[in-house]
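One structure is given here, and the rest of the page talks about it.
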2 protein chains.
Amino acid sequence: MQLHKHDVVAKAASILDNYGIADLTMRRLARELDVTPGALYWHFASKQELLGAVADHVLAPACADQPAAGWRHRIEIVCRALRDALLSHTDGAELVSASVAAGRSEAMALILSQLGAAAVEAGMDPGQAALAARSIVYYVLGFTADEQSRLQWDAAGVDVPEPSPTENPSTRFAFGLQLLTYGIGAEIDAGARLR
Amino acid sequence: MQLHKHDVVAKAASILDNYGIADLTMRRLARELDVTPGALYWHFASKQELLGAVADHVLAPACADQPAAGWRHRIEIVCRALRDALLSHTDGAELVSASVAAGRSEAMALILSQLGAAAVEAGMDPGQAALAARSIVYYVLGFTADEQSRLQWDAAGVDVPEPSPTENPSTRFAFGLQLLTYGIGAEIDAGARLR
DNA sequence: ACCTGAACACCGTTCAAGT
DNA sequence: ACCTGAACACCGTTCAAGT
């Protein structure tokens, strides 16, 4: 049976979920697909390109059309969807961070444009809005990667103390995000006073 | 001549600067130190531990005592020092991000406490302040990793378009950081209104 | 067009044995 | 105490040759 990109990405995602990113190697992936490592290079130019495809697969659920709402709420919805998507796969945040840092991920470009559009609606000019969108993504990726690595230490029996154990991760996530949306509001107010 | 931790870290930093993080391998490091790979494992338990030490070396200049100033200015000073430290070594942001995500970096803990102290001075309670500090670090690491990877594509001849080419990276960095400091101010105001 | 076989040039880590 | 030698169990990538 012929190998298709989709099958390769799906199998890669299953290795990711069951064994983590360290075990997601070209040779192992080939073995589980009952194929020779070289076969993968007919479909993908490099491991980096393959990981990019897996990243887009992970991000797909966060790319669904968002319901109409005020800019602040839209940002919260996109960011929650992004975090949920990352958390739903082992090492999801690490994988996506690496793919975003390296070659561009199409899915992340879409998410950035959704966040940017919300910032424009809030009253920012396009340049500021693009930067605000990127800042938000840095926060979500950083927070979630951190959260996910703590989860893994936890599962391994090592318990690392949470900085503030009173609130759960979702509440803490929302609080940090609020800092950024408040900042966007304040930035616009400050800009308006100068005009 | 005997091998000391300090020499190992220094040579690792020089490989990093001259060839990048991909070439910073245990075998290569051993070769350049005229030593066998096994020798490194007498001084460091693992590659991860060694990279952590290199990360602390990179972060050292950002750990100098900061002059007294208002909280907002203190945050800006720490963050500029952090970005400068990361930019002063090839792949500095990537290295530090990985080390921070994995085992704890002592230097980063110090930076987090400096940022947290500033947020407390601004009027946050310690739990909120710790989270605000982490959010700021996520931003600095994300922004700088992005900036540094663009620099590398640039140096390689590929030119990737900047989202908003009018302003230089330092100005853009300051703008994104301002979003967070404005957010801290707004958060405190919002909290005060509830009391 | 799609894949195998086999090679190339590497990795991190361990550990008995040497000095 | 500190390091070598040698091995173990892997990597990503390429490419002539097969079907």
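For all residues, glycine too, the Cβ spot is worked out from N, Cα and C.
The stretch that TrEMBL tags with DNA-binding region, taken from the ranges B:5-24, B:25-44, B:85-104, is B:25-44.
Residues 3-5, 7-8, 11-12, 15, 50, 53 of the same chain lie 6+ residues outside the DNA-binding region (B:25-44) yet bring a C-beta within less than 8 angstroms of a C-beta in it. Across the DNA-binding region (B:25-44), DSSP classifies residues as 14 helix, 0 strand, 6 coil.
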